[in-house]
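Asks: Take this structure, written in structure tokens, and hold onto it; I'll ask about it next.
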Amino acid sequence: MLLHFDIVIQLLSSHTLKSHQVEPPMDFETSFEEFVEDKRFIALEVSDNDDDCDTDLTADTADELESSAILKMRESDASLNVTTGNNTSRKTTSNSKKRWSLLSNHSAVSSSKSKKRWSVLSSSFTSESHKDRESRNVLQQKRKSLQSYSSLDTVASNSSISASSSLKRSSTGLSLRQLFTKIGINDDISQPGIGIPQGKENLPPTMGKKNSSIASTSSENRLRTPLKPLVNHSKRPTSQPQQQQPLYNASLSSRRSSISSTVSSSSSSKWRFWKRNKNQTPALLQPDHHSLKTFPAVNRRDSMTPVEPRNMVKHKTSFSDFHKTIFSSNTYSESSDTISSMEITLKNKASSSSLSLNVLKKRNSQSSLKHKSSHASLQKFKRNKGKSSMIAPSTATNSSNDDSCSYSSKNSTLSHRISLPVPDQVSRDKIQNKLRYSTSLLSLNSKSSLPMNKNDHDETLLRQILLNCDIKRILNPAKGDVLPLINDVNHLSSIQLTSNVWQIGEVICKKVSLGTIDDITWDRKFLSLQELEKLKIMQQKFDGIPQLLKSFVVKEANGGLYLYLLFKDHGTPISLISLKNWKQILKIFWSCAGIIHGLEKNLKFEHRNLTLDNILIDGNGNITIIDFKCSRLQTPQDDVLYLRLDHPLFFLNGKDKSKINEYQYQFEFEIYQSMRILLNMDASAFEPMTNLYWLYYLSRVLLKFGDRKLGKNDANRDKMARVINHLEMNLAVHKRGGQLFKRLETEDIKNTGDLLKLYK
């Protein structure tokens, strides 16, 4: 609704003349339409055009805003100026129109009606309001009103008046009262020194007449910086000079009232719209220090810390946008001085997380350089450091002190050393146990190997072999030497059984290569020597051992040396025969157990490779165990003959899968692994449980072959099954997923003797 400017002047003049008369508060529940019909309020059109947002405003010098919120006014071509001397409004050109940017409350216009309302635009109050205020009910809620010119004069004269002498809150209606209650004090930007005469920036205007007795709730440090009015350049004539009057806005806050009560008292305030100038620098960034001293805001702790505006209002084209901006950040802090100082500190201080990350990226710990003792590692580290410094120069600069030790350590005595791993105690024990009885040249603890020349060591082994042979010299057929038991047999009738075994009539010839005399083949010679020694020892008084007929060394035409071992024919390996019945299977098993028990009891013997190929059976059903290269026994001189568990002979069967099925192949290496776990890689130790492992292997394989060819309905088959179950309970060699179970507690079978006692 657009009103002519003369009506506005008339209403304001009448309100000024009657400003000293205190009228009773009006009913809060009177409808808003009632006052619209009576025209007892001032309301001007608010344009939605952006060009109209720059309306110029020159407000009254004494008009004050309460601590809840401040809205700025717009002004058209003519501006209304009110003098401070006589408290009267100055009239400008009658053709000009003034536009206000929000509905205000009713002016104090004289009327014959009984109820009147105080306007938010009231410019002054007299001291009589204080008297009428004291005469009214003390229990009513007290509100702070806007300060008039006299209140500003009171502030300038440092008069101490109680804050309880404010007028009651009056409103035009419930809707406006709720609206103004929600609005908080949030100025966009303080405009220090706007409209203040030169030389009087720090002094508020004084009254020429008597001072008002209305209590002032704020002192000099509670005044806020004035806001710069915006000018509507599109409608204002450029030739018309604009006269500016000092504009002061007092920021009032009560120490006793809470934040909610302070905000709720906004209904008795004077609301205006304003718009920040695009080309103007915010007040916080301007070097205007005297404005902060002149218009400090008082926080809840009465400190002189200036209140920093928390809501930067940008260009708003409508009241709804401005309303949302005001309400979006309407928050108060009970300790604004502490909070403001903390905010400044936090802005200047980096977070701990980012600081720690930056430090870790830029620095290298000195402890990481302790292991870089070799010269090559330091040079590599230096090159990497140089590359990283090219990528991030600041990083290299910050870490130069930390990395100085890495560059200086080049010239130290540690720079030419090579850092080697240090084994723990468990690894040391394993290495010592492995090397204690090792026959290799690298082992100094071995009794069979001494520090000597390699050729001398090879010749020593060859002499020992000849000493254990039946013929103590090397036979050379090229020179006419006759080979015993072989020259008498036609070689055309020989049958090759394996790669190094032939059957010549009733004689089994095993041919083992020893290499040439000049070659260092100590491993072959050593294995041949051990096998020959074991056979010599076992043939003295034990059954089930192959009978060695002759042994000698032959030098063939190619210059190679071969050890010939001639045995009696003891039958065929059980892997190549067809089993007849379960009784035969059970006899094979117990015969092997008896042979091993005799050797175990007298020689502390362990076969350690009792496969089906190493068990022979003749036409009479007699069982013979062969191939003792991998076995372990103790000589009468208490020497231990054994082969280390990591020797390739334990893995030879994997290369010849054609002779064994997949089940047998996998089961063999499960037993190998079980032995390594049981012996803890100490192959020289005597552990009779290894014989039980292989007997368990033999029983399982025979049971599988019997089930496939003979069926399961047999009493001897049940006996074999009970033995297998008993061995499983004691050996725990059954596995799932390739790993052995923990050994059970019921260990009633510890050797082959215990097994024979249970099933005698």
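Using N, Cα and C of the backbone, Cβ positions are placed for all residues, glycine too.
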Asks: Going by what Swiss-Prot says, which of S79, S340, S448 is noted as phosphoserine?
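Replies: According to Swiss-Prot, the phosphoserine annotation belongs to S79.
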Asks: Which stretch, out of 224-232, 305-313, 737-745, is listed as motif 'D box' by Swiss-Prot?
Replies: 224-232
Asks: Tell me which residue from S76, S160, S438, S446 Swiss-Prot records as phosphoserine.
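Replies: Residue annotated phosphoserine in Swiss-Prot: S76.
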Asks: Among the binding-site residues listed here, I474, A478, V482, which has the most company in the form of other Cβ atoms within 10 Å of its Cβ?
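Replies: The largest 10 Å Cβ neighbour count belongs to I474.
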Asks: Judged by the number of other CB atoms within 10 angstroms, which among N476, G480 is the least packed of the binding-site residues?
Replies: G480
Asks: Among I474, L475, N476, P477, A478, K479, G480, D481, V482, K510, the annotated ATP contacts, find the widest CA pair distance and round it to a whole Å.
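Replies: Looking at I474, L475, N476, P477, A478, K479, G480, D481, V482, K510 as a set, their Cα atoms extend up to 23 Å apart.
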Asks: Look up A478 (ATP binding site) in the DSSP assignment and report helix, strand or coil.
Replies: helix
